[in-house]
Amino acid sequence: MAGILAWFWNERFWLPHNVTWADLKNTEEATFPQAEDLYLAFPLAFCMLMVRLIFERFVAKPCAIALNIQANGPQTAQPNAILEKVFTAITKHPDEKRLEGLSKQLDWDVRSIQRWFRQRRNQEKPSTLKRFCESMWKFSYGLYIFTYGIRFLKKTPWLWNTKHCWYNYPYQPLTPDLHYYYILELSFYWSLMFSQFTDIKRKDFGVMFLHHLVAILLITFSYVNNMARVGTLILCLHDSADALLEAAKMANYAKFQKICDLLFVMFAMVFITTRLGVFPLWVLNTTLFESWEIVGPYPSWWVFNLLLLVIQGLNCFWSYLIVKIACKAISKGKSGKWNPLHVSKDDRSDIESSSDEEDSEPPGKNPHTATTTNGTSGTNGYLLTGACAVDD
């Protein structure tokens with residue numbers, strides 16, 4: 001074990017040339033980041049999960065009820081032992097051959113059986129109330145952490161001149177405010193790693209799992225080798241759009257459509273500007289070029305920048321989805337009122353819905369005026385597609 005630890009913490013990988021771990025030990029004059037500090041994130045992540053449960057129960061839920069958001073779920077499928085057995089033991093998405101067999105066995109038409117399976121799948125979806133509570137928690141955290149980051153960074157020299165991220169590197173002291181900022185962010189991402197297995201299931205589960213993993217690795221890497229200054233810029237930049245997205249979701253659940261549309265437009269502008277403009281031109285510029293010029297590359301420097309490029313790839317992917325939805329909304333608006341959230345179900349990402357399609361409307365109802373089975377208006381298209389950015 002000692003040999004494995006010595007290999008893992010090899011100074012030649014983690015630190016610039018001629019720098020050792022002994023040089024970064026805490027002294028009476030200065031405090032530096034220590035790897036063992038990161039263990040604090042695990043109990044804090046657990047505490048954050050407990051705070052979330054209390055917040056959703058005693059703050060978010062009363063707010064939702066005050067906004068007339070009820071816990072009513074989708075329409076319940078009528079009890080049927082045969083179909084229930086197929087659903088639980090064989091498949092939730094029967095093919096045409098199985099549908100025809102069930103139709104003969106039950107003396108039902110195929111369309112009725114298809115509707116039963118849709119309704120049964122939708123029963124497993126969370127209610128609008130649960131969605132609202134989850135969004136309000138993320139909105140509250142996102143607003144707090146972004147506000148804290150701005151208040152902290154405006155007093156630092158590296159916000160105004162990114163070369164200060166590398167001057168005297170890695171002998172840059174760790175301040176209490178910076179330590180608090182880092183540990184809180186790391187704790188939140190760990191809490192998301194744990195809670196995503198119990199939160200609303202989405203089609204982009206794998207993408208979000210990758211995002212959370214990369215975020216944790218980036219925070220850990222930048223803390224251990226004392227790249228915390230540039231790390232704070234990355235964190236604050238990626239927190240900038242989160243509160244807007246969650247606010248748009250809450251407005252959508254409360255059926256305040258005009259407010260939802262406005263918040264969506266604001267979110268899309270902030271997201272695309274920060275992720276495709278500010279991040280590569282400001283952050284990647286300093287991590288790739290200014291750091292090369294002032295400090296020079298070393299092994300963990302390459303890994304750190306590789307992870308940043310993965311994040312940028314995810315940013316491009318999500319920005320593409322947002323632009324795609326916006327273009328479709330604009331094209332639809334040419335023949336009627338423009339609504340950036342009004343898109344077809346086929347274009348929705350499952351960030352806002354769960355993994356199955358919404359139940360189709362019964363014959364005789366106008367699909368343009370009907371509401372979806374989860375109780376929200378049928379115009380919540382974007383919240384489903386671009387919303388991956390919320391966990392960023």
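Glycine residues also receive a Cβ, built from the backbone N, Cα and C atoms like all the rest.
According to TrEMBL, the protein has these features:
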COMPBIAS  369-382  compositional bias 'Low complexity'
DOMAIN    127-331  domain 'TLC'
REGION    341-382  region 'Disordered'
TRANSMEM  38-55  transmembrane segment
TRANSMEM  179-198  transmembrane segment
TRANSMEM  205-224  transmembrane segment
TRANSMEM  260-282  transmembrane segment
TRANSMEM  302-323  transmembrane segment
Interface check, the transmembrane segment (260-282) with the transmembrane segment (302-323), three or more C-beta pairs under 8 A: yes
Mean of the pLDDT scores, which run from 0 to 100, over the domain 'TLC' (127-331): 92
